[in-house]
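Worksheet for the structure shown next.
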């Protein structure tokens, strides 16, 4: 069942990427699928409507919950990051005004703390939201990318 739900999310992301003008080859690379599967996604032949409905519910979730859910569906962190980024259009943000520099978020390899400043390595960050849930002051959050 998780594979089916993941297929629904991939289908929604494929359709979004197509609307942005990407080619099937480019979409296939982002969603880690072969081009024939992308063709099925874009034509509406796959997955079933029930699966797409579940994927749409995930898309409507607050990003931090959707991100955790998507990461639970696959062990491929790069795939999960690509899907989350395209599905929600987000990036991780640190609010320096509310941060107490407690270090709770530092279990994540993408974050560093130096002189009371949290650094975010966007290449290392998999948008898993673990740091968001660890932060006691809600200083880490997802925001829309511009």
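Each residue, glycine too, has its Cβ placed from N, Cα and C.
What Swiss-Prot says about this one:
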- 90-115: domain '4Fe-4S ferredoxin-type 1' (DOMAIN)
- 116-145: domain '4Fe-4S ferredoxin-type 2' (DOMAIN)
- 125, 128, 131, 135: [4Fe-4S] cluster binding site (BINDING)
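Counting residues 6+ beyond its ends, the domain '4Fe-4S ferredoxin-type 2' (116-145) has Cβ neighbours under 8 Å at 63-65, 67-68, 71, 77-78, 80-81, 84-85, 88-96, 98-102, 104-105, 107-110 in the same chain. Long-range contacts of the domain '4Fe-4S ferredoxin-type 1' (90-115) within the same chain: residues 63, 84, 121-122, 124-128, 130-132, 134-145, each at least 6 residues beyond the stretch ends and with a Cβ under 8 Å from a Cβ of the stretch. In sequence order, 81, 92, 108, 110, 111 constitute the residues six or more apart from residue 125 ([4Fe-4S] cluster binding site) in its chain with CB-CB distances below 8 Å.
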